[in-house]
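Trainee: According to TrEMBL, the record shows the following:
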- CYS83, CYS86, HIS87: heme c 1 binding site (BINDING)
- MET270: heme c 2 binding site (BINDING)
- 61-295: domain 'Cytochrome c' (DOMAIN)
Amino acid sequence: MPSKLFRMVHWTTGLSANDQRALLDWIASERHRAYATPGVAPDFANEPVQPLPQSLPTDAGKVALGKQLFHDVRLSSDNTISCASCHALSTGGVDGNRVSSGVGGQLGPINAPTVFNAALNDKQFWDGRAATLQDQAGGPPLNPVEIASTSWGEIIEKLKQDPALTQQFLKAYPDGWSGSNITDAIAEYETTLLTPSRFDDYLRGDTHMLNSEELRGYADTDADNGRANITKDPLDHHAFKTPTLRNIELTAPYFHDGSRTDLHEAVHDMATYQVGKQLSDSDVNAIVAFLKTLTGTSQPVAIH
């Protein structure tokens with residue numbers, strides 16, 4: 001259950017400057033204790049972005065087995081597709097295609113996300129339907145559009161024919177072959193696929209790893225913090241007032257920077273950048289026609 005958020009105190013309650021400093025120091029120490037990554041430099045302990053860990057705890061035997069299974073095309077119904085087919089380590093953990101190709105050249109509906117650093121994801125898959133790496137690893141092998149095997153039994157029957165692999169598997173999993181053990185091994189291997197970078201070294205205290213241009217690119221600014229510029233509340237970051245659509249026919253130019261003078265153009269751009277859709281002229285005209293119904297007339301107040 002989430003913690004309650006208190007926004008008011010009793011009118012007789014107050015914090016002195018010393019009380020406020022003590023409270024802020026306590027908050028910082030608690031954030032450091034519960035949030036800061038081991039090895040982070042003290043100056044960056046409360047940074048919104050934390051460095052990637054150099055490694056995570058794993059079982060070496062399961063990692064070696066999982067690596068082999070990750071690249072094994074025998075997981076697929078026609079022995080042509082492996083996990084690495086869509087998540088090639090040589091190309092950023094993806095296949096570089098708009099959508100991935102599965103057994104028989106079937107095309108999936110979405111772009112393959114990278115396998116690198118997936119162990120740090122809160123949820124897996126684009127829609128978050130898998131809670132763990134192991135859950136995710138169990139999806140594609142039985143997906144008819146991807147690896148397309150009909151059951152774990154079908155996969156295991158093929159893999160069991162490999163004596164060396166079976167010996168390796170039973171050493172890692174004495175309880176024997178199972179779909180759960182296969183996906184556990186793959187997940188164990190994927191847990192090692194971390195990519196610490198120069199930026200992570202910087203957060204660990206090696207501040208010479210980034211040059212002045214890179215630091216300028218990382219720097220926060222006040223210009224785009226929205227409501228938080230006024231309230232100083234982190235929860236208000238990037239919260240902006242949504243202007244009314246009423247009388248929008250009369251209020252050109254549009255957008256916060258006044259960069260669009262035509263309502264049709266503004267509607268087209270909103271569809272493009274907010275929902276990634278290219279609207280037809282007919283659809284744009286229909287939306288504009290509706291927006292014009294919001295144009296009203298002010299009724300003068302009689303002054304006596």
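The backbone N, Cα and C atoms fix where each Cβ goes, and this holds for glycine too.
Annotations in TrEMBL come from automatic prediction, not curation.
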Trainee: Which chain-mates of CYS83 (heme c 1 binding site) that are at least 6 residues away have a CB under 8 A from its CB, listed by sequence?
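Mentor: Counting only residues 6 or more apart in sequence, the Cβ neighbours of CYS83 (heme c 1 binding site) under 8 Å are LEU69, PHE70, HIS71, LEU75, VAL115, ALA137, PRO140, ILE147, ILE186.
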Trainee: Measuring Cα to Cα, how far is CYS86 (heme c 1 binding site) from MET270 (heme c 2 binding site) in Å?
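Mentor: Their Cα atoms are separated by 33 Å.
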Trainee: Does HIS87 (heme c 1 binding site) have same-chain partners at least 6 apart in sequence with Cβ under 8 Å from its own Cβ, and which are they?
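Mentor: Once residues fewer than 6 apart are set aside, HIS87 (heme c 1 binding site) is near GLY93, VAL94, ASP95, ALA112, THR114, VAL115.
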Trainee: Least buried of the binding-site residues CYS86, MET270, going by other Cβ atoms within 10 Å?
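Mentor: Comparing Cβ neighbours within 10 Å for the binding-site residues CYS86, MET270, MET270 has the fewest.
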Trainee: Report the mean pLDDT of the predicted model across the domain 'Cytochrome c' (61-295), rounded to a whole number.
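Mentor: Residues in the domain 'Cytochrome c' (61-295) carry a mean pLDDT of 92 in this prediction.
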Trainee: Where does CYS86 (heme c 1 binding site) sit in the DSSP three-state scheme?
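Mentor: CYS86 (heme c 1 binding site) sits in a helix per DSSP.
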